[in-house]
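Asks: Got a structure for you, questions after.
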Amino acid sequence: GCDGSVLLDDTSSFTGEQTATPNNGSLRGFEVVDEIKAKVEKVCPGVVSCADILAIAARDSVVILGGPDWDVKLGRRDSKTTSFSDANSGVLPLGSANLSQLISLFQAQGLSTKDMVALSGAHTIGKARCLVFRNRIYNDTIIDTSFAKTRQSSCPRTSGSGDNNLAPLDLATPNSFDSKYFENLLNKKGLLHSDQELFNGGSTDSLVKTYSSNVKKFYSDFIAAMIKMGDIKPLTGSNGEIRKNCGKPN
């Protein structure tokens with residue numbers, strides 16, 4: 001979201017990021033961004049970029065659900081194009097990723113292992129599709145048995161059946177931004193394979209334990225990582241543009 005490229009709809013000249021494997025059928029809420037943009041344009045046209053709207057909305061959604069507040073850097077500009085191939089090139093982590101893959105993916109973007117674990121804590125809210133966690137609940141061994149059975153009740157083993165059925169990433173408090181996500185991992189109740197990899201006898205176990213018992217530490221590290229992530233190659237100044245419509249270039 002650093003240049004709003006994910007908001008661009010497909011055109012005859014490019015295929016956007018929305019149907020790339022990590023995003024397809026998963027990203028939603030575009031109409032909410034469009035509504036925000038329309039209201040902002042009425043008040044001060046051509047001033048606030050779609051990229052900044054995404055950054056502010058991310059912060060506000062955390063705050064509304066009881067999480068921490070922080071100052072969002074502003075002044076990003078929107079990209080004029082987008083890339084299906086870039087979004088498919090392994091930049092975004094998949095639910096099947098192991099710990100070393102996660103660490104490498106985030107390091108490639110200048111984010112540390114601590115940043116990665118803290119940002120993963122965003123999975124204290126949100127939902128995932130059966131398609132993404134099916135393999136975990138039927139084939140993983142590092143999983144609480146009763147938790148697996150609960151998830152299996154709405155996610156059939158057969159591929160193609162119930163693929164879009166949703167389950168909360170945090171079964172304890174799905175609508176609160178807290179540290180329960182990390183407590184779930186201690187109890188082998190991470191919904192995604194990539195979630196449970198953070199607490200599976202590896203180098204990130206101690207961080208998960210810390211965040212599970214110290215929500216203030218989680219919040220401060222999460223804020224630092226969000227600001228750092230928002231600083232990844234944003235377009236500023238004369239680069240890019242401020243779109244009038246978030247779904248298409250001016």
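Glycine residues also receive a Cβ, built from the backbone N, Cα and C atoms like all the rest.
Predicted automatically and left uncurated, TrEMBL annotations should be read as such.
So TrEMBL lists the following for this protein:
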BINDING   GLY1, ASP3, SER5, GLU17  Ca(2+) 1 binding site
REGION    1-20  region 'Disordered'
COMPBIAS  10-20  compositional bias 'Polar residues'
DISULFID  CYS50-CYS246  disulfide bond
BINDING   PRO93  substrate binding site
BINDING   HIS123  heme b binding site
BINDING   THR124, ASP170, THR173, ASP178  Ca(2+) 2 binding site
DISULFID  CYS130-CYS155  disulfide bond
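Just tell me what is around each of these and how deep it sits.
Replies: The Cβ of SER5 (Ca(2+) 1 binding site) has 21 neighbouring Cβ atoms from other residues within 10 Å, across all protein chains displayed.
For the region 'Disordered' (1-20), the DSSP counts in helix, strand and coil order read 3 helix, 0 strand, 17 coil.
Here the compositional bias 'Polar residues' (10-20) has Cβ contacts under 8 Å with residues 27, 81-84, 86-88, 92, 248 of the same chain, all six or more residues outside its ends.
The number of other CB atoms found within 10 A of the CB of CYS50 (disulfide bond), across every protein chain shown, is 30.
Sequence-distant neighbours of PRO93 (substrate binding site) (same chain, 6+ residues apart, CB-CB distance under 8 A): PRO22, GLN101, LEU102, LEU105, PHE106, SER194.
Counting every protein chain shown, the Cβ of ASP170 (Ca(2+) 2 binding site) has 26 other Cβ atoms within 10 Å.
Same-chain residues at least 6 positions away in sequence with a Cβ under 8 Å from that of CYS130 (disulfide bond) are, in sequence order, SER154, CYS155, PRO156, GLY162, ASP163, ASN164, ASN165, LEU166, ALA167.
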Asks: Give me the sequence-ordered set of same-chain residues, not including THR124, ASP170, THR173, ASP178, with a C-beta within 8 angstroms of the centroid of the Ca(2+) 2 site's C-beta atoms.
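Replies: My list of surrounding residues reads ILE125, ALA172, PRO174, SER176, PHE177, SER179, LYS180, TYR181.
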Asks: In Å, rounded, how far does the Cα of HIS123 (heme b binding site) sit from the Cα of GLU17 (Ca(2+) 1 binding site)?
Replies: 21
Asks: Measure from the Cα of CYS50 (disulfide bond) to the Cα of every one of the binding-site residues ASP3, GLU17, THR124, then give the nearest.
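Replies: That would be ASP3, nearest by Cα distance.
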Asks: Give the distance between the Cα atoms of ASP178 (Ca(2+) 2 binding site) and ASP3 (Ca(2+) 1 binding site), rounded to the nearest whole Å.
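Replies: Given the Cα positions, ASP178 (Ca(2+) 2 binding site) is 28 Å from ASP3 (Ca(2+) 1 binding site).
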